[in-house]
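Participant: Below is a structure I'd like to ask you about.
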Amino acid sequence: MGKSSKDKRDAYYRLAKEQGWRARSAFKLLQLDEEFNLFEDVTRVVDLCAAPGSWSQVLSRVLIKGEKFGRCAWQDREAKFRQHMLNVVPSDAAPEQEKSIEKDEVPEAQLKPRKDVKIVSIDLQPISPLPGIITLRADITHPATVPLLLKALDPDYDPDTMNQQASQPVDLVISDGAPDVTGLHDLDIYVQSQLLFAALNLALCVLKPGGKFVAKIFRGRNVDLLYAQLKIFFEKVYVAKPRSSRASSVEAFIVCINFQPPEGFKASLEEPLGVGSRLPKMLADQNAVAPITAPVLMQSHETGAWNVTPERTQMVDEHGIEEVEVDDLSTEPHDKDIRWIAPFVACGDLSAFDSDASYKLPDDHVSLDPVQPPTAPPYKRAIELRRANGGAYGKPPSK
Ligand code: SAM
């Protein structure tokens with residue numbers, strides 16, 4: 001799709017370019033913050049699946065530069081932009097309005113930079129540098145990423161002598177992880193859920209008690225079991241849909257507040273899904289009282305469906321690879337009590353742009369270039385090959 005047709009369809013896409021964000025996703029984080037006050041008292045943050053970097057830009061502007069993006073500030077900016085784009089500004093006021101949109105600078109006196117800020121951003125793709133932010137190119141599902149992250153958070157970290165828990169923990173972990181969607185819903189949901197669990201694993205290694213975890217989810221079947229597991233670790237768990245996330249998309253965000261690891265809990269990558277059967281056993285061993293019955297969430301190797309079982313049998317084969325007997329998994333949960341529905345919160349003011357709507361563009365509308373073109377898009381090689389072959393239809397036959 002050409003950029004001008006995207007301009008027509010997507011108000012947030014235009015707004016992102018106008019305001020200098022690398023991606024329209026910035027508005028999702030801003031609208032989540034509007035609702036949940038995510039950045040309150042936060043100085044140490046990990047941004048997972050961060051490329052091209054619009055969430056990191058939000059972190060940089062709020063924590064390092066000290067800008068405030070409360071509801072009012074946001075609405076004010078959006079109102080200006082709406083007037084601009086819909087061309088409803090009275091003609092004599094227009095030049096001034098446009099100037100203020102272009103500049104969009106916050107007066108120095110209103111900035112409140114925070115002290116000792118540490119932001120680490122990770123993605124498979126390279127992230128173009130952002131001032132004050134440590135960027136890592138790594139796969140969040142790979143165990144080698146944990147020591148990398150711990151080292152970035154604490155330069156004194158030594159993987160030989162220290163465990164996999166951050167000695168200088170963080171206040172907030174955010175993850176906007178998404179695979180390249182195939183359009184096959186079940187497959188996309190499955191791959192996305194693997195990113196979510198990898199993000200949760202990392203979050204459990206680095207969060208401090210009281211910390212927050214925010215992550216993208218694709219709402220699939222049995223997603224409520226995931227909410228129940230998160231509820232073991234966090235006092236409050238919400239599922240939120242910002243207005244800038246298209247209603248037609250299965251995308252939503254889990255917002256987990258107040259990390260409260262059960263007593264004695266130590267994060268470990270030995271559990272591929274982070275919160276497997278180890279936890280209920282550990283709670284039982286310690287006679288600890290679990291806040292809710294701890295479910296064991298497992299995914300069927302055959303169907304990919306999430307199932308729950310109160311117990312599971314674990315074996316370790318001669319290669320040390322954990323095997324799980326899945327025979328006793330039913331498609332229905334064994335115990336209805338362990339299902340827990342997270343409150344659903346729609347966020348972003350009702351007056352905010354509707355991400356599914358098209359807005360009329362003024363006649364003199366000029367489409368802007370993206371703020372940060374993709375550094376290494378997966379389709380780059382395909383474009384190069386296509387160009388080398390003379391375009392979409394191949395080289396014209398030589399006469
Ligand atoms: N939050 C980003 C922003 O505001 O610019 C947008 C993130 S984009 C929707 C999803 C990102 O997930 C992509 O950049 C992709 O490279 C990344 N991703 C997918 N799988 C990953 C993995 N296994 N490890 C790290 N990043 C991954």
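Cβ coordinates come from backbone N, Cα and C, glycine included.
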Participant: Look at the S-adenosyl-L-methionine binding annotation in TrEMBL, where Gly53, Trp55, Asp123, Asp176 are given, and name the residue from Asp139, Asp156, Asp158, Asp160 listed for that site too.
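Facilitator: My reading of TrEMBL gives Asp139 as the candidate in that site.
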Participant: Taking the domain 'Ribosomal RNA methyltransferase FtsJ' (21-259) alone, what is its mean pLDDT?
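Facilitator: Its mean pLDDT is 85.
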Participant: Report, as a single number, how many Cβ atoms besides its own are within 10 Å of the Cβ of Asp139 (S-adenosyl-L-methionine binding site).
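Facilitator: Around Asp139 (S-adenosyl-L-methionine binding site), other Cβ atoms within 10 Å: 13.
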Participant: Whole-number Å only: compute the distance from the Cα of Lys216 (active site, proton acceptor) to the Cα of Asp176 (S-adenosyl-L-methionine binding site).
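Facilitator: That separation, Cα to Cα, works out to 5 Å.
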Participant: What whole-number distance in angstrom separates the two most remote CA atoms of the S-adenosyl-L-methionine-binding residues Gly53, Trp55, Asp123, Asp139, Asp176?
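Facilitator: Comparing all Cα pairs, the maximum is 18 Å.
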Participant: Count the other Cβ atoms sitting within 10 Å of the Cβ of Trp55 (S-adenosyl-L-methionine binding site), across every protein chain shown.
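Facilitator: Looking across every protein chain shown, the total is 27.
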Participant: Determine the Cβ neighbour count for Asp123 (S-adenosyl-L-methionine binding site): the number of other Cβ atoms within 10 Å of its Cβ.
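Facilitator: Other Cβ atoms found within 10 Å: 23.
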Participant: At a 10 A cut-off on CB-CB distances, which of the recorded positions Gly53, Asp176, Lys216 has the highest count?
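Facilitator: Highest number of other Cβ atoms within 10 Å: Gly53.
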